[in-house]
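*Asks:* Residues annotated as NAD(+) binding site in TrEMBL: TYR129, GLN190, ASN213. The substrate binding site annotation in TrEMBL covers SER236, GLN258, HIS261, HIS327, ASP360, GLU414, HIS419. Under the heading Zn(2+) binding site, TrEMBL lists GLN258, HIS261, ASP360, HIS419. Under the heading active site, proton acceptor, TrEMBL lists GLU326, HIS327.
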Amino acid sequence: MICISTTDADFEARFTELLSQARETTETVDRIVAGIIADVRARGDAALIDYTARFDRQTLTPGTLRVSAAEIEAAAASIPADLAAALDLAAIRIETFHRAQLPQDLRMTDAAGVTMGQRWTALDAVGLYVPGGKAAYPSSVLMNAIPARAAGVGRIAMCVPTPGGVLNPLVLAAARRAGVTEIYRIGGAQAVAALAYGTASIPAVDRIVGPGNAYVAEAKRQVFGRVGIDNIAGPSEVVVLADANNDPRRIAVDLLAQAEHDEAAQSILITDSAAFADAVAAAVAAELPTLPRAAIAGASWEAHGAMIVVDDWAQAVALVDRLAPEHLELMLPDPEAMFARVRHAGAAFLGGWCPEAVGDYVAGPNHVLPTGRTARFASGLSVFDFLKRTTWVSASRAALAEIGPAGVALAEAEGLQAHARSIALRLQS
Ligand SMILES: NC(=O)c1ccc[n+]([C@@H]2O[C@H](COP(=O)([O-])OP(=O)(O)OC[C@H]3O[C@@H](n4cnc5c(N)ncnc54)[C@H](O)[C@@H]3O)[C@@H](O)[C@H]2O)c1
Ligand SMILES: N[C@H](CO)Cc1c[nH]c[nH+]1
Ligand SMILES: [Zn+2]
């Protein structure tokens, strides 16, 4: 963990170093992933089976790659009633938010009499990646699948690794709750490759969405173009803006909540009080050993954690925009006013009663969010990831007479005679 202050002489150099930390992709990950994708393309199911044995310690056959309907039903039936109710509440809230996102088609007629519009259609087939290496994520099943269903996607295929052959029943129950029945027990770059290129057992999809570790994120990058992807939702991140009026323990736990996802996760506190930063650092040290995932959280905090002391909140806003974090917690007296000043963050959590963990499970908006500073240009998963637009135009003879001559002039200027004639012939008729 580094602790820096904007008054330090070397602040800019150390902040720039923090920004450029390679947490998600290294040359090694890059190379390993390229090899896995090439192998899956060449050998299909056989490669999937080999990588699953190597990385997830599980022996599969082509016949057992897919989770059976009986396994899904049995898993769902085994969930205790209170947990099933919690899943249901989360699903309802996520569905309500995402249905409200659904866009309207557009239709307009302009002064020239040309009618035009934009129509939204759902994708035919999507692949959902649900991470499962170091933790099981039933919540990510809901976050991936519910928007896809709300958008009206035809086929939804889900991949989830099952290390040691253990398939979390709540993951299957969440899939069932969200209406997903095509589930494969594979993960990592090999799952992304299978979804992109198809194998004998797994038909290819049109778009792959969902979070994952550095291998998954890099694989999505490498198959982009062959298929669409949502965004790069890699190792989790949080930036917390908090003043000294906060309880240091609550802030410490908020930082650790992201750190416990992955050694590559990153948690950053920005505060205007050096004494508060010290108190949070002490609280982190006290909480860490009490966590079951202390090893992961500690490694993340040690390698990528940071505390930044600013002179004023304007400095903090500028730093947040440069970090463009996946999650931004605003633990300040007027969080809405502060949020209005921030431009780059995947999702924001406003005020002391709304820690980021609420958004991970039950708030409603999606928790699959852009990481690695990609929130500068990317957004969290939404119904838009499962829809595409087709624009359309319809012109009457009179409307063509109005706008056609300009089209002919531009086509001739480009030296494209067939284009010019295509319009001109109609103008002459
Ligand atoms: N941004 C988000 O919305 C979001 C949501 C949930 C989780 N996450 C992140 O997802 C990630 C989940 O990671 P995870 O590891 O638990 O599960 P994962 O499913 O992403 O990765 C597990 C797979 O990684 C592959 N792998 C592991 N080591 C490898 C190696 N040495 N070489 C090649 N492949 C290897 C294996 O194929 C394995 O199946 C975490 O970083 C977490 O922070 C992000
Ligand atoms: N915080 C993660 C996104 O970075 C999502 C998650 C799922 N479960 C718990 N947390
Ligand atoms: Zn989380």
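The backbone N, Cα and C atoms fix where each Cβ goes, and this holds for glycine too.
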*Asks:* C-alpha of GLU326 (active site, proton acceptor) to C-alpha of GLU414 (substrate binding site): distance in Å?
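*Replies:* That comes out at 45 Å between the alpha carbons.
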*Asks:* ASN213 (NAD(+) binding site): which of the binding-site residues GLN258, HIS261, ASP360, HIS419 is the nearest Cα neighbour?
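*Replies:* With Cα distances computed to ASN213 (NAD(+) binding site), the winner among GLN258, HIS261, ASP360, HIS419 is HIS261.
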*Asks:* Report the residues of the chain - excluding TYR129, GLN190, ASN213 - with C-beta within 8 Å of the mean position of the site's C-beta atoms, for the recorded NAD(+) site, in sequence order.
*Replies:* PRO131, GLY133, CYS159, PRO161, GLY187, GLY188, ALA189, ALA191, VAL192, GLY212, TYR215, VAL216, ALA219
*Asks:* Give me the Cα-Cα distance between GLN258 (substrate binding site) and TYR129 (NAD(+) binding site), rounded to a whole Å.
*Replies:* 20
*Asks:* Near ligand 2, which of the binding-site residues show up if the criterion is a Cβ under 6 Å from one of its atoms? Options: ASN213, HIS327, ASP360, HIS419.
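*Replies:* Close enough to ligand 2 are ASP360.
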*Asks:* Can you go through the recorded positions GLN190, ASN213, GLU326, HIS327, ASP360 and pick out those with a C-beta less than 6 angstroms from ligand 3?
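*Replies:* Passing the 6 Å Cβ check against ligand 3: ASP360.
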*Asks:* Just how many other Cβ atoms lie inside 10 Å of the Cβ on GLU326 (active site, proton acceptor)?
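*Replies:* For GLU326 (active site, proton acceptor), the 10 Å Cβ neighbour count is 30.
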*Asks:* What does DSSP call TYR129 (NAD(+) binding site) in the simple three-state scheme?
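*Replies:* Strand, per DSSP.
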